[in-house]
Amino acid sequence: MNGNNNMNNNGKSNNKKKNKNWILGLVVVFLISAIFMSYFIRGGESYKNVPYSTFQSYLDNGLVESVVIIDKNLIQFVVKGSNFAKSYFSTSIPYLDINLLSELKNKKVELSSGKSQASLIGVLLQTLPWILFFIFFFFIFRQTQGGGGKVFTFGKSNAQKYEAGKNKITFKDVAGQEEVKQELREVVEFLKNPKKFEKIGAKIPKGVLLVGSPGTGKTLLAKAVAGEAGVSFFHMSGSDFVEMFVGVGASRVRDLFDNARKNSPCIIFIDELDAVGRSRGAGLGGGHDEREQTLNQLLVEMDGFGTHTNVIVMAATNRPDVLDSALLRPGRFDRQVTVSLPDIKEREAILNIHSLKTKLSKDINLQVIARATPGASGADLANLINEGALIAARNNQDEILMKDMEEARDKILMGVAKKSMTITDRQKLETAYHEAGHALLHYYLEHADPLHKVTIIPRGRALGVAFSLPREDRLSINKHQILDKIKICYGGYASEQINLGVTTAGVQNDLMQATSLAKKMVTEWGMGEEVGPIFLVDDEAPIFLPKEFSKAKAYSENTADKVDREVKRILEECLKEASDILLKHKDQLVKLAKELVLKETLTDKEVRELLGFEANKDEYDLFSSDSTTKEVKGEDVKG
């Protein structure tokens, strides 16, 4: 897509290198020439140092032609001879010779005073440090210009530019998101035919903010808009604006918008806008001045855009809550488009696109994969296909098999399996009882998600995992489902108490999940009986100040006590119910734990056959890269 740009950039960089090398060579030649000219202008003589007695001998014999007195202790003299046979000497006067001048006059020796005429080696030694210093400075200059520092061009925008017509990405390359694409087609139409809107007085939004979770395709959508409209596309990350130098961010904003105006119609796309567009606050010590200057300049530039400029500013963020309100007012990013996670049909379409360049086995059903990946983003699905391809290539296969996809699932969800990790029989039994407690509750709780797989093979920091798959895409969750989640979290804790008589440190993650859910029930979701339907979380604290530092709590100490009592009551009731179920079906719990010790990994189908449960009619044989992992038994800090 950027082949021509790269060729042009390479050509320019080569020309720059040639120019710099030519300049460096010219400077070196100039210095060498100056050295030799200095040497030859002085006569090119090379004076040989001799003892003072030798000088006296030449003088007594009348052979000294001329003498140059350098100082009171050093003279240079020339011995008579033919024009081609003169000898040049220098000597040091070891004592004060008061008769030397009169003797030179009597011998009619040409007498003068001057500075020492150094030899070529002496000249080189004197000038060499300057030459080395100049070369060192030159290379430092070249590195800062051509390398990552760019000291002398730090005020210039480093946005990636995609020329008009060379961006081949269109809406056809974006699977799903039909409502989002419909919203963005207005932008495309405006860039293609602005007079259509101007004729009736309509004003297209100056800024379009794409809001969504990471990996949902916000950047791809922005490129698709530029590709559909056939205009230039400037892409820059919000973090690229701000540097350590004061004023750099504002300068880069000005340069970016100047370039956009020169290349209109075009699109400016700022990724991760929250890196530069966070709410302006008091801060501590003024450490945010540079970022705020950059934000102010961005606001000014967007105000300076008129409809006649044919420049659209698009941005993406997954944190719209932290953006400065001035960015979101009409006239700036006044249109917000939410890019949501794909549903089952969209996931299948995304998988189809990413699998075009891979060789999938005929037994792989992309519809099944899509159904088994609720909550997965487009990036998750792309990573899933790629991991499966890597595993198949590692095994020297010609195509990707179902087992490769399953292995890729486990790797993405739980980390690399540590099959070589040494685990004692006692630790393996503890982990088996822990995971069996989680797994068994899935079959006796009405609102729990179906179990998919349970394993005691260590992966990452987890010694074992019991994870489930929702029956369908879930947009919300009710109170009964939340309570069952908490009970399943306590399944490992209760099982350890029942079968081992003591609990391990592996319950830490379970307790953390259970407590978090219970607190949200009471303080955010209005599910507490004593506190009632009230929202008790203060989310309006200044962005740059810790909440406990910036303002007091949003509720009284009396209310806080009620919240604590309510949370504790919910947790205790869930733990009791989980323990009662496991005690009632202890035989099945022990049987499942022993089978886990033996086989290490069991699927839902295998657990049902082992414990005599009815087969799951809705069972599907794949995984979710974003499945609801119920419980992860963490590392045992004891060793």
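Placement of Cβ uses the backbone N, Cα and C atoms for every residue, glycine included.
Among the features that Swiss-Prot reports, topological domain 'Cytoplasmic' is placed at 1-20 (among others).
Annotation source Swiss-Prot lists transmembrane segment at 21-41 (among others), citing sequence analysis.
The topological domain 'Periplasmic' annotation in Swiss-Prot covers 42-120, and the record cites sequence analysis as its basis.
According to Swiss-Prot, the feature transmembrane segment maps to 121-141 (among others).
Look at Swiss-Prot and you will find 142-639 (among others) tagged as topological domain 'Cytoplasmic'.
In the three-state DSSP scheme, G217 (ATP binding site) is classed as coil. Look at Swiss-Prot and you will find G212, S213, P214, G215, T216, G217, K218, T219 tagged as ATP binding site, backed by sequence analysis.
When secondary structure is read from DSSP and collapsed to three states, D510 (Zn(2+) binding site) falls in the helix class. Sequence annotations record features per position, and here Swiss-Prot assigns Zn(2+) binding site to H434, H438, D510.
For E435 (active site), other Cβ atoms within 10 Å of its Cβ number 29. Marked as active site by Swiss-Prot: E435.
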Taking only the CA atoms, the spacing between D510 (Zn(2+) binding site) and T219 (ATP binding site), expressed in whole angstrom, is 36
Enter the number of other CB atoms within 10 angstroms of the CB of S213 (ATP binding site). 14
Here the binding-site residues are G212, P214, G215; the one whose Cβ sees the most other Cβ atoms within 10 Å is G212
Counting across all protein chains present, how many other Cβ atoms fall within 10 Å of the Cβ of K218 (ATP binding site)? 25
Whole-number answer please: how many Å between the C-alpha atoms of G217 (ATP binding site) and H438 (Zn(2+) binding site)? 35
Under 8 Å between C-beta atoms and at least six apart in sequence, can you list the same-chain neighbours of T216 (ATP binding site), or say none if there are none? V339, S340, L341, P342, S377, G378, A379
